[in-house]
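Asker: Mind looking over this structure? Questions follow.
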């Protein structure tokens, strides 16, 4: 999809700083003294013989300095000022294009100071800047939002007050904090996450808001056998219960004329998945065209030309608007923007993870070898099989976000024989072995696809008013057009309890007519959403049709039913600086990974207790919601004792590969399912074979006679050495190093303002000396190298013998001049020898 590709190719750059950037001079002096003391303490630790009094002195000095620093924080009562010396190149991060960057008009590839990210190390300073804001360049900045991802890393987003004043209505569709507070406030962390919707990496979506409505969700009671956990006593009771399930939780519909593919959407206060479903055809079939929106107003979907139906679960702040017309009017008045993201792409190959594998506890060695065979084959073929090498390098037509190097490999595969490409493959192989030993296994025909509800059942409720709709899918059947009729295993991450949704994939013409996407559609009579813990706002499932895995999953799911317990409701509060600060500090204290790791300890132990895992799964979900609900169940003493007894061990041995743990911090290897992979996955060194024609670097040059330029080469070496310092952001993803390479490119162009010249100089320098490390060249000038290759392939050919570029005199020409002459001489010698022998 062009829009998606454009959205994920565009980036802007902003500063990401930490709370030390707001120190006053006294605090900064104390901070530097503490750092100096830490360095001295580290120096003492390296010495063999140190007088105890030195250790005692430095420890007490650090404690004393910290106390002085905290006192200085408390003494500071003015608005804080950003220290300009903190705005360094290594504090720049890259953001993908989003509603926020588009609304603010931040130009692509520019460095903007409209917004800044602040990471918290000292809570007193966070409290100050949330309460009073901060000053930079005579502009006041105020707290804007913190997304779920930012909360996990104690980060917050701040915005220029003048910018917020200008664009606030466009970002909030005219819904002010004052208006929310006048109606009783909101859950702070929910409000935070809804404000952060504008931050999502996305592409622009031209939505006609007048052709959209919002209706009530489809909720029904589903009768099911469950393990009911009493959240007060922790007692687990297996019984049949009527479970309320909101089948359309986060999901809406659009006419297929708008899009044949599902995608996620973002509008102010609106998020979720839109699935193409022809609700007009449904209305015409039943001659019923009137639907009610969430406010009770009736709409004729034909006369009103309704093309999109959102659900109440998608419209997060619907209660704060007077009507849907109120929202539509403000959306247009303030120039609000729509966005689309994650358009479905089932071509992405799926992989099993350790969480999915570890719950298959009775798997045999032979079965595990079979399941691992595709991964083992790919690892062993790396270096000798061209297709495998191209695939792991991402040089495939399926890859929609190809880099210049990946594009170049597709048109000039001889690059596979270059040392730089070989180095990438070597590192890729190490990574593949590590991944495989930690449970990431390739499975034939495994695909990721969206989880979709039975929208036919939704229309039966919406258009026909049927309280207990039947829908198209009956029982626990599912429909996914990617697979033939038969059993499939539906999986979702995180996978904590035994959560293999083995279901019958039903195929018929009626399903194909209504369910037009490759998503997996689930029945409204099936509690599968409780088993797999999903909603339908864009959650993806991994679908596996492999018969062996499906049968193993079936075997392990015998006697497993969904877990059920009553969750708490989010608490409303007034949105103000004090409550925002308190909500953030609560959220910062949550460690969801701890529960996941403790559950993994039990699955990989020699004594698996399902009840303990059930309790931990429940606690995990309460922990996730804690920042919103402020409720956490209290363990009874006997339960606490039992849980602690089971989680006292270290994490499993495979965490050396899965989480980079040291040998001393993991358990000894045992016979658990994932640990067994250690002996199945090969770790032998890579051996390269010539898999394509001979490589000639001159195909990468525009000017074949280019002379080396020492000034350019020396500056390149200096910048290449220093790029690690520039790439300071621990979270920066491979696609987010753009700013660093932008700086390097600018510095090189200051020496010689001709990027074609610089590219040729660097290509000749790096490829002639057979450097293994050419990433900076490809990141900075890869587009020019790619154009050079394209041009040269039209003009030159690679000699079939030596690989060198030559200008062919005819289409049949295969050899360069010297090899051609040698070939002719050899041919003549052979002919003469044959003639003499014949005589």
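FYI, residue positions are counted from 1 along the chain as it appears here.
Backbone N, Cα and C define each Cβ position, glycine as well.
Annotated Mg(2+) binding site per Swiss-Prot: 535, 537, 539, in sequence order.
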Asker: In sequence order, which residues at least six apart in the same chain have a CB under 8 Å from the CB of residue 535 (Mg(2+) binding site)?
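Answerer: Residue 535 (Mg(2+) binding site) has long-range Cβ partners 246, 249, 250, 313, 529.
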Asker: Quick one: give me the count of other CB atoms within 10 A of the CB of residue 537 (Mg(2+) binding site).
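Answerer: Step by step: centre on the Cβ of residue 537 (Mg(2+) binding site), count other Cβ atoms within 10 Å, giving 20.
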Asker: Any same-chain residues 6+ apart from residue 539 (Mg(2+) binding site) with CB under 8 Å of its CB? Would you list them in sequence order, or say none?
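Answerer: Correct list: 450, 451, 492.
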Asker: Other than 535, 537, 539, which residues of the same chain sit close to Mg(2+)? List them in sequence order, counting a residue when its Cβ is within 8 Å of the Cβ centroid of the site.
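Answerer: Counting only non-site residues, the set is 249, 250, 251, 272, 273, 451, 534, 536, 538.
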Asker: Tell me, by DSSP, whether residue 537 (Mg(2+) binding site) is helix, strand or coil?
Answerer: coil
